[in-house]
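Undergrad: Okay, these came from Swiss-Prot:
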| type | residues | note |
| --- | --- | --- |
| DISULFID | C33-C106 | disulfide bond |
| DISULFID | C60-C192 | disulfide bond |
| DISULFID | C81-C119 | disulfide bond |
| CARBOHYD | N89 | N-linked glycosylation site |
| SIGNAL | 1-22 | signal peptide |
Amino acid sequence: MCQSRYLLFLATLALLNHLSLARVIPVSGPARCLSQSRNLLKTTDDMVKTAREKLKHYSCTAEDIDHEDITRDQTSTLKTCLPLELHKNESCLATRETSSTTRGSCLPPQKTSLMMTLCLGSIYEDLKMYQTEFQAINAALQNHNHQQIILDKGMLVAIDELMQSLNHNGETLRQKPPVGEADPYRVKMKLCILLHAFSTRVVTINRVMGYLSSA
């Protein structure tokens, strides 16, 4: 009986020690960024599904819409976020980039490189552009009395959280002025176009964060 109590006591101590270690060991920056990007991927996919269901009369499917990339000629995510072995001339590409780069807490020291720093800076700019557009569209949607659809708050929060992790300069984001009396049909069609383009970009972002958090 005494031996059983002693073993139970040891097991309790071991469990308490394990829980204590779990509390004090911080989550690494790259792991947190991966978790945030996965959450963004999920909330974006959910928002795309919601838009397809609620805007089914607006041809809001990937097959029907006119695809438009608002980041085209503005950022270089697709070039800078290629695997390092595919970059033929890193220094040449870097000279064409702006000197202001953002990496925040997502880039681990062992994977630090000029291209990955530029990659994360470009991802940050992507998110900033989409966040600005989504805020303007959401304001326009909320101005419509029937409110057929509005953007999911979870997706907007997920964008903001990942941007905060990427933003080590503490940049204050400027919100785009709300759209005035915009045509409801045009606003909803633009929403469909943006959501599909954004969901594609989020897949790329999630892959980058997965690479950075891998051993």
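Placed from the backbone N, Cα and C atoms, the Cβ positions cover glycine too.
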Undergrad: Going by DSSP, is C81 (disulfide bond) sitting in a helix, a strand, or coil?
TA: coil
Undergrad: Over all shown protein chains, what is the count of other CB atoms within 10 A of the CB belonging to C106 (disulfide bond)?
TA: 28
Undergrad: What is the separation, in Å, between the Cα atoms of C60 (disulfide bond) and C81 (disulfide bond)?
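TA: Taking the Cα atoms only, C60 (disulfide bond) lies 29 Å from C81 (disulfide bond).
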Undergrad: Can you tell me the three-state DSSP label for C33 (disulfide bond)?
TA: helix
Undergrad: Among the disulfide-bonded residues listed here (C81, C119, C192), which has the Cα closest to the Cα of C106 (disulfide bond)?
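TA: Of all the candidates listed, C119 is nearest in space.
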Undergrad: Can you tell which of C33, C81, C119, C192 has the least company, meaning the fewest other C-beta atoms within 10 angstroms of its C-beta, among these disulfide-bonded residues?
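TA: Each of the disulfide-bonded residues C33, C81, C119, C192 was scored by Cβ atoms within 10 Å; lowest is C81.
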Undergrad: Which number gives the other C-beta atoms within 10 angstroms of the C-beta of C60 (disulfide bond), all protein chains shown included?
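TA: A 10 Å sphere around the Cβ of C60 (disulfide bond) contains 23 other Cβ atoms.
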